[in-house]
Structures are given as C-alpha cells and as structure tokens.
Amino acid sequence: MRYFRLCIISLLATLPLAVHASPQPLEQIKLSESQLSGSVGMIEMDLASGRTLTAWRADGRFPMMSTFKVVLCGAVLARVDAGDEQLERKIHYRQQDLVDYSPVSEKHLADGMTVGELCAAAITMSDNSAANLLLATVGGPAGLTAFLRQIGDNVTRLDRWETELNEALPGDARDTTTPASMAATLRKLLTSQRLSARSQRQLLQWMVDDRVAGPLIRSVLPAGWFIADKTGASERGARGIVALLGPNNKAERIVVIYLRDTPASMAERNQQIAGIGAALIEHWQR
C-alpha cells in the first residue's frame, strides 16, 4: 500500500501544476462574467474552414457599437467593386455634419476627405462622423442592413446612425449582432467572392492599422503574431472587438468578443477582454 502511494506521489510530481496555468478559454469567460456582473459573447472561428473552435453565448444578441464600421467599409468596397463607388472620390461636409468623437474628419472641414480616407478614419481611429458620411453612401442603416441580408447575414441589423447606435439599452435588439453572425460575415467579406481580392486586402489592412485597440487583445499578443481588429464601446455597459489572429504573422482565426449589461468601468472591460484573448492564445499554443 505504501509502495502504491509512493508511485502515485511520484506520478503527480511529474504533472504540470494547474495553479500556474492560465484558465481555459471557457473558464476565463465564466470568470469574466462573474467579475463583470454582465454577459460575455464570444466565438473563435477558423478562417479557412469556418469551423467553430470555441463559443460562448455565440447566438446571443449584443450591441455592435463601432465594430459595425468594418461591415460598413465592406459594403463600401462592394460598391467599389461593382463600379458604383470610387475610393478616390472626395466628399465634402459641413460643421453640422460632425458628431462626437471625430478626431480625423474634424480636421478636414475645409478640404473634405476621400471615400478611402473616410474608411481609414472610421476603422483605424473609429471616427464617428466618417462612419456617418460613409453610411449615407450605402443607403443609411437600412441600406447597410440590406447589404447584410444580400450576403446571407439574416441576424445583424443596423437601425441608427452614430452616435445613437451606441445606446446599448438592455434587451434592445436595435443595432445588434451575435458573435456567430459577425464572425461569419467577416469571414465572407475576407475570404469569399463577395469582395475582390484587392478589396479584401484593403479591408484587412485598415484593420491591421487600427490605432485605438491597444488595451485589448493587442496588449497580450505574443511577439510575431498577426492581429487585425476593430473595437466598439458604449457608456452603457457594453464593449466589443472583432479580430483576426494568428502566429507567424498570419491571419488564421477570427475572434469576436462582446460584453453587455456590465456596471464595470471601461478599463475593467478592456482588462477582461484582454484576459479572454490571453486564454485563447495560450490554449492555441498548447
């Protein structure tokens, strides 16, 4: 009996100590929900095959917030591919067209901005006025929703303009998506024939150049890893990110994380999303 116990002790000594390991992705999400006192929706999808690798509340509705800007610029690029729009076309606007948080567009009242520059501002700096100007070119919220239906997304909906679309009222279906629908739509835009190869590269590059996502998954990204992303935020308890990730500077997976109905501060929301991202990456590397 003593020999048996010694064998068990010796065997246990060779096993990795779980207390030193980061939580598994789903364990981290459950922990995040507890600490946030809110809901988390997440999906991890293989970019090439579309296979779901990890999911939590993936079919639940969450406010899109500024993550919709990726889909918006996808719709703009589809119009470019169809010959109905040009990235070089200049759009002029007035002071009354500006809304809160327009760090790029507010500097170009005198000279205007091209469609391509507006997309870059909307994605890389989350410029709200740039998004509204682009939204007008695709038929407004109804036009963008119609585009989504055309590419097979029957869930995601945009109902309002910036900045009202960030209201994020509990239980409100307006301006929402699900992690699963957003991931599938992003995959269609970047891998299918919905966009030309040139437009796919352009959309991805705008996401690579994102300059306002530092505190989220980028903060835990290992050296040499690829990331292209777009974040969203609301003052009413919501936060989100859509991202493409992969080692060896290659996009291999889509990760979508949304938070809703949390009283946590923005810094706490950022920290929880970073923690979920870190758990996904560590699990990936095993």
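The first residue you see is number 1, and the count goes up from there.
Placement of Cβ uses the backbone N, Cα and C atoms for every residue, glycine included.
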Correct disulfide partner for Cys119 among Cys7, Cys73, by Swiss-Prot, is Cys73
Rounding to whole Å, the Cα atoms of Glu164 (active site, proton acceptor) and Ser66 (active site, acyl-ester intermediate) are apart by 11
Rounded Cα distance, in Å, between Cys73 (disulfide bond) and Thr231 (substrate binding site) is 14
CA pair Lys230 (substrate binding site) / Cys119 (disulfide bond), Å rounded to integer, equals 12
